[in-house]
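Pasting the relevant annotations from Swiss-Prot:
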BINDING   SER50  D-glyceraldehyde 3-phosphate binding site
ACT_SITE  ASP83  active site, proton donor
BINDING   HIS84, HIS198, HIS232  Zn(2+) 1 binding site
BINDING   ASP105, GLU142  Zn(2+) 2 binding site
BINDING   GLY199, GLY233, SER234, SER235, ASN275, ILE276, ASP277, THR278  dihydroxyacetone phosphate binding site
Amino acid sequence: MALVSMRQLLDHAADDSYGLPAFNVNNMEQVKAIMDAARATSSPVILQGSAGARKYAGEPFLRHLIAAAVEAYPEIPVVMHQDHGASPAVCMGAIKSGFSSVMMDGSLKEDGKTPADYDYNVSVTAKVVELAHAVGVSVEGELGCLGSLETGKGEAEDGHGAEEALDHSKLLTDPDEAAQFVKATQCDALAIAIGTSHGAYKFTRKPTGDILAIDRIKAIHQRIPTTHLVMHGSSSVPQELLEEIRTYGGDIKETYGVPVEEIQEGIRYGVRKVNIDTDIRLAMTAAIRRVGAKNKSEFDPRKFMAAAMEEAKKVCIARFEAFGSAGKAEKIRAIELDEMAKRYASGELAQVVH
């Protein structure tokens, strides 16, 4: 199956009331673990590359790894998504490289650190939407900044994220402003701020409504029912993985992620894309530490990475099943990007705003 537009997958998810984990990838082992999990569960896949991943692996390597996944797993619909594009130029570069979906994160200025104003965000996002939709590529925007409601601070990850203290007007997306934003930009998906943040250190305690505003999702979805909501920074940070890392010599302080049941609640209210990176990192790190501790003479990196892939695969299977995407791959027939471009041009995919 060819690469597909993220809009196609998220439309299907909305019609069938499920969510899709979007996994960040940096190397072959992560791609293979995710795709093996997708095959085991018959789930469609969103593979995404962050700015850090593009810097680490290089965009050509990421692009060809994902192309290999499409070839090796022909029964699985795959989206190749560029995560957190810092400018229209970055997004256009990704489109030219063959990405089928891009994110224009205009919540921050081009440096990826300074919070931007609303008008700037609308301007750059609308520009990317116009150019991307002309070739059938979907666009994710962002309104509000990722950050902790506990500390009032953003969380930089992979070279992207607000570095200054933020007030609640930035840390929580306003439903009325979300409606205005979607009407002005016509983005396909919208990343919203509800108290999540990148990285492993999201919450100092199991999150409740005062630090994780799941109820905000419902209010936003009521205003923009056809725009697919996105939860960034939504790894669950499994406590058993933290404990295993500590058991085999790691030093990770107490921390909590976004509980799976809270994500499931978000899916009921319109979340369709759930970004996950840290959980895979933790799974692979735990496996590598375990192999090294139990086999001190081992020096074949394949032994370490095979165990890491298997541990990551378990996490991915669990998320596909928990979010409801298992069993959906065979129900999807790929729509070519040229056809998506025609649908955008006809107005068929215009967003509904209340």
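Numbering starts at 1 and runs along the chain as it is shown here.
From the backbone N, Cα and C atoms, a Cβ is placed for every residue, glycine too.
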Please list, in sequence order, the residues in the chain of ASN275 (dihydroxyacetone phosphate binding site) that are at least six apart in sequence and whose C-beta is under 8 Å away from its C-beta.
PRO21, ALA22, ASN24, GLN48, ASP83, VAL230, MET231, HIS232, GLY233, SER234
Among all protein chains shown, how many Cβ atoms are found within 10 Å of the Cβ of SER235 (dihydroxyacetone phosphate binding site), not counting that one?
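Excluding its own Cβ, the number within 10 Å is 25.
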Between C-alpha atoms, which of these binding-site residues comes nearest to ILE276 (dihydroxyacetone phosphate binding site): SER50, ASP105, GLU142?
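Closest by Cα distance to ILE276 (dihydroxyacetone phosphate binding site) among the binding-site residues SER50, ASP105, GLU142: SER50.
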Which of these binding-site residues is closest to THR278 (dihydroxyacetone phosphate binding site) if you go by CA atoms: SER50, HIS84, ASP105, GLU142?
SER50
Got a sec? Which of these binding-site residues, HIS84, HIS232, has the most Cβ atoms within 10 Å?
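Counting every other Cβ within 10 Å of each candidate, the maximum falls on HIS84.
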What is the nearest of the binding-site residues SER50, HIS84, ASP105, GLU142 to ASP277 (dihydroxyacetone phosphate binding site), using the Cα of each?
SER50
According to DSSP, which of helix, strand or coil covers SER50 (D-glyceraldehyde 3-phosphate binding site)?
coil
List the binding-site residues among SER50, HIS84, SER235 whose C-alpha is within 10 Å of the C-alpha of GLU142 (Zn(2+) 2 binding site), in sequence order, or say none.
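Those close enough are HIS84.
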